[in-house]
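Trainee: Just dropping this structure here.
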Amino acid sequence: MEQDERGLARSREPAHLLWLALFATAPVTAGDDALVVLSWGGAYERAQQAALFAPYTAATGRQVSVQQYDGGLEGLRRAVASGEVPWDLIDMTRSQAMAACDEGLLEPVSPALLAPAPDGTPAEADFLPGSFGRCAITHSIFATVVAYRTDAFPGRRPTRIGDLFDQRRFPGPRALQDTPAVNLEWALLSYRVPREELYRLLSTRRGLDLALERLDALDEIHWWQAGDTPPRLLAEGEVVMASGYNGRFFDAMVNRGAPIEILWDGQVQEHETWAIPRGGPHPEAAREFLRFATDTERLADLARHIPYGPARRSATVQVTTHPESGVDMRLHIPTHPLNAERAMTKDETWYARTRSRIQALFRDWRARRESQ
Amino acid sequence: MKPLFAVTRAGREPLAVARFLGLVLLGAVIGAVAALVAVGFVAAVLGLNDLLLISPRSRMMFDHPSLLLVITVAVPTLGGLAVGLVHLAIPERRPHTPADAIAAVQTRRGRLPLRAGGLSALSALISLGAGASVGQYGPLVHLGATLGSLGARLLRLGRSEDNVTIACGVAAAIATAFNAPLAGIVFAHEVVLRHYALRAFAPVAAAALVGHVIAANVLQRGALFHVAETAVPRPWEFIAFLAIGGLGALVAGGYMSTLLGVTRLARRLARRLPLAAPLRPALAGALLGLTALWVPDILGMGQETLRFATIAGAFDSAELLLVLVLKIAATGLCLGMGFGGGVFSPALVIGTLFGALCGTLVGQLSGAPQETFVFYAVCGMVAVTAPVIGAPLTSLLIVFELTGSYALTTAALASVTLASPIAAQLFGRSLFDIQLVERGLDLSAGRGRAMLRGTPVMEHLTDEGVTLRPQTPVDEAVTALCRARHGEGYLVDAEGRYRGCVSLADLEAAREATQQGMQNAPPGDSGATQRVGEIAPLARPVLAPDASLWDAMAALEDVIGEALPVVDAEGAFLGVVFESSITRAYLAHGDELRREEHGTG
């Protein structure tokens, strides 16, 4: 999962690691008082530029210099160990932020830092549950969802995540990510167990068996690894249903006109956070930026540029149209009440402790399936 | 003494109205406290389960398989030891249960002890936390009842109000734990109060409502059951649901017999084996842990097992039967050997497994698709739980409030219709009632009789009766009785022993006979003076000092007379109880109950 959540965002080249190594030794050139932000590049960075960085510079006079983040922790580890941390802020997934925080690579941040909503609601009540980590504040929420070809099932369309496994009513090949995560969750959800109990049930041999049994019943599965594969397979008609990142599907639907639709039921949400590395050059300015970039107006504006759900409820209701295509972005963000009704959050703590065993189980199952 | 038959219009006086509203308000306050305590209790159990590696999630996240085996056996064992030590501090040496709350209300004793209640909750918390196969709802109910009783005591309210506040605490606990306010209200009436007076309803409803509001905002959990909207059982399936009810009653009976049997066995063994009391639950814990290495489903409350049992195909028939039998055995072992905790959660699991077994078999026989599988699971659940707690309506309401499915509730109704009466005929109204009978409180004829049984006749003992020595001449006896204006005298010898009872009429007859005899006899024959002891005594039952009002009423059935003598085991005369005071007390009790059960305020 770590490799490609950004959906729209990234071209994946091994050169990023090189860049990181380079930046760790050669300090920035954009002027000593510029804020250095590590982010994901591509359309994601363009959206941040328009909604966050440019307004920040306009408001404070301080430049923002953006560098490319590879999603790992290795560069940060080395930088903190060397005592020369070149970045002020990192845009990272919550699971990575939790791991980095445990390793002592990040500064603690307090929710007290954050601005209240325009109507005065304190930040603690305005942010979605789970937004405040010890060292990171969630700003946006992206989702892994199922999308389907609108022309594949004449007269009906999938409405529940269980339909992913219903080959009688929705026949045709599927594309699923080559990881246990999300697939096991959906497979067990298709038995209509409550979301709240999902990981408790997946913690039993019986639950895992039931989930794998469901997956096993699918006739034809295309396994994907890169985030751009599922929209392509759908667009080319190779598969009729596919899992993937909501940003990628948005891009295919809105920017490239592919005949696909997102099934929001059972969407698995993950948090994207701001974190401040330990020993960065401008800790005070970093906090100031964090407050600025997570206020209601900025978050709502960011969600107009890219279909990620704002972490604030007050921002979610203020989201309007995509500036270029005029598409109503509210229908495309994972946290909109209509889409989020049956959303679930990935249990990062559970995966942190069980990942290797669950992956081994999944690999064994795939090997058995292929040998049959 | 208050007039017995005066018409009371107290409900219409402003003071009485205020008093009644105060009781409703008190119910709401008790509801809030009980709900918060229940929320804390549930959270503490879950926290302990995670900490002690009982919950599947924590076990999965713990990546040391061999250490996990050791912990699985060690935690219930040490938990059992801790529970056994806690029980040493309770006067009865056992945790208090809902049966104690029921007894307190049904005998109108009220006044549940706070210390024993708190220690019982602690015992249940440790038991549940350490993975014993026991339930959490019983302890929550008893804790709620204890808090309710405490509220009444703090405000120095009477026994009648104490009973209502106990019911308030119970209702709030159920409303919170299940997030089912209606079930909470009905449970308090059906199981604890056993009447439906408007006077009790309003405070109880207020308590349940507050509990529900708190639960809805604090405890966010998935409903116990989910049903596909499209599934509707076919007509013939209702016959299966009825049959599940009949068979479920037998499963419930087997479950209750196992619990009671192990309890008796443990008591008998305790006399033979030199096993200190705190070690008994520890032994049960060790056995439980060892079995759990093989079948982990029996550990703890079994919420995951419960969920899987509602999914068609999650277990095959053999597995269902195995887990069903082991769960009954494990619960019997844990509760019988002295763990603290309830009987409801295990009954839920057992019943659902049983229903799933029936559903699987029906599916195999009919070859029909298993869309209605969850109906069978729920029917089995209700068929087993309703008889165990003696609450058919509550069980139905729990299904209704948790699922919101009318179809599911009517299916459950079919099962309960047979399950509850069959189990009541064969075994008893509920496990609580059976336990109380074993402790000497029989509620099968209602609380009227239980209360009369609970009132000692000694309360009405008097020494106003005329006592006569057997040697007393008849003349003197007649004079003494006439002076005292009594029609009966009781013969007591010099050692204070009771020698029988004579009536004034018999004495008079004897005196007349003597006088006639004297007229015929030669004058001066004073040796013929008749003594009271020579007259044939009346057939009159005597009461033992520990006799109850109920015994006295039963004895009076064959008696025409004034009073019953009370005589102890050595034959010593203690006094008499007048028939009029027995009748008066009987009527007073009946009137109090009537006022409590039919009053509006």
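Keep in mind that glycine also has a Cβ here, set from the backbone N, Cα and C atoms.
Those TrEMBL annotations? Automatic predictions, nothing curated.
Keep in mind that this is a model prediction, so the values were computed, not measured.
According to TrEMBL, the record shows the following:
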- B:458-518: domain 'CBS' (DOMAIN)
- B:535-593: domain 'CBS' (DOMAIN)
- B:20-46: transmembrane segment (TRANSMEM)
- B:66-91: transmembrane segment (TRANSMEM)
- B:112-134: transmembrane segment (TRANSMEM)
- B:164-188: transmembrane segment (TRANSMEM)
- B:200-219: transmembrane segment (TRANSMEM)
- B:239-262: transmembrane segment (TRANSMEM)
- B:282-300: transmembrane segment (TRANSMEM)
- B:320-340: transmembrane segment (TRANSMEM)
- B:347-367: transmembrane segment (TRANSMEM)
- B:373-399: transmembrane segment (TRANSMEM)
- B:406-427: transmembrane segment (TRANSMEM)
Trainee: Would you confirm whether the transmembrane segment (B:112-134) and the transmembrane segment (B:406-427) meet the contact rule of 3 or more C-beta pairs below 8 angstroms, pairs 6 or more apart in sequence?
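Mentor: Touching, no - the transmembrane segment (B:112-134) and the transmembrane segment (B:406-427) miss the threshold of 3 or more Cβ pairs under 8 Å.
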Trainee: Residues of the same chain, at least six outside the transmembrane segment (B:200-219), with any C-beta under 8 angstroms of its C-beta?
Mentor: 20, 23-28, 30-32, 34-36, 38-39, 42, 148, 163-165, 167-169, 171-177, 179-182, 184-185, 188-189, 193, 596
Trainee: Please determine whether the transmembrane segment (B:66-91) and the transmembrane segment (B:239-262) are in contact (criterion: at least three Cβ-Cβ distances under 8 Å, sequence separation 6 or more).
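Mentor: Per Cβ check, the transmembrane segment (B:66-91) does not touch the transmembrane segment (B:239-262).
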Trainee: Per the 3+ Cβ pairs under 8 Å rule, pairs at least 6 apart in sequence, do the transmembrane segment (B:164-188) and the transmembrane segment (B:373-399) touch?
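Mentor: Yes, the transmembrane segment (B:164-188) and the transmembrane segment (B:373-399) are in contact.
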Trainee: Which sequence positions outside the transmembrane segment (B:373-399), separated from its termini by at least 6 residues, show Cβ-Cβ distances below 8 Å to it?
Mentor: 174, 178, 180, 182-183, 186-187, 190-191, 224-228, 231, 233, 237, 240-241, 244-245, 247-249, 251-253, 255-256, 309-312, 343-344, 347-348, 350-359, 362-363, 405, 407-409, 411-416, 418-420, 422-424, 427, 429-433
Trainee: Please indicate, using numbers and ranges, the residues of the same chain that are 6 or more beyond the transmembrane segment (B:282-300) and have a C-beta under 8 Å from a C-beta there.
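Mentor: Same-chain residues near the transmembrane segment (B:282-300) but 6 or more away: 49, 54-56, 59, 69, 72-81, 84, 128, 130-133, 275, 322-323, 326-327, 330, 333-334, 336-339.
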Trainee: Give the nonlocal contacts of the transmembrane segment (B:347-367) in its own chain as ranges (CB under 8 Å, at least six residues past its ends).
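Mentor: Sequence-distant neighbours of the transmembrane segment (B:347-367): 135, 224, 237, 240, 243-244, 247-248, 251-252, 255, 301-302, 305-306, 309-310, 312, 315-317, 320-321, 323-324, 327-328, 331, 373, 375-385, 388-389.
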Trainee: Averaged over the domain 'CBS' (B:458-518), what pLDDT does the predicted model reach?
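Mentor: Looking only at the domain 'CBS' (B:458-518), pLDDT averages out to 85.
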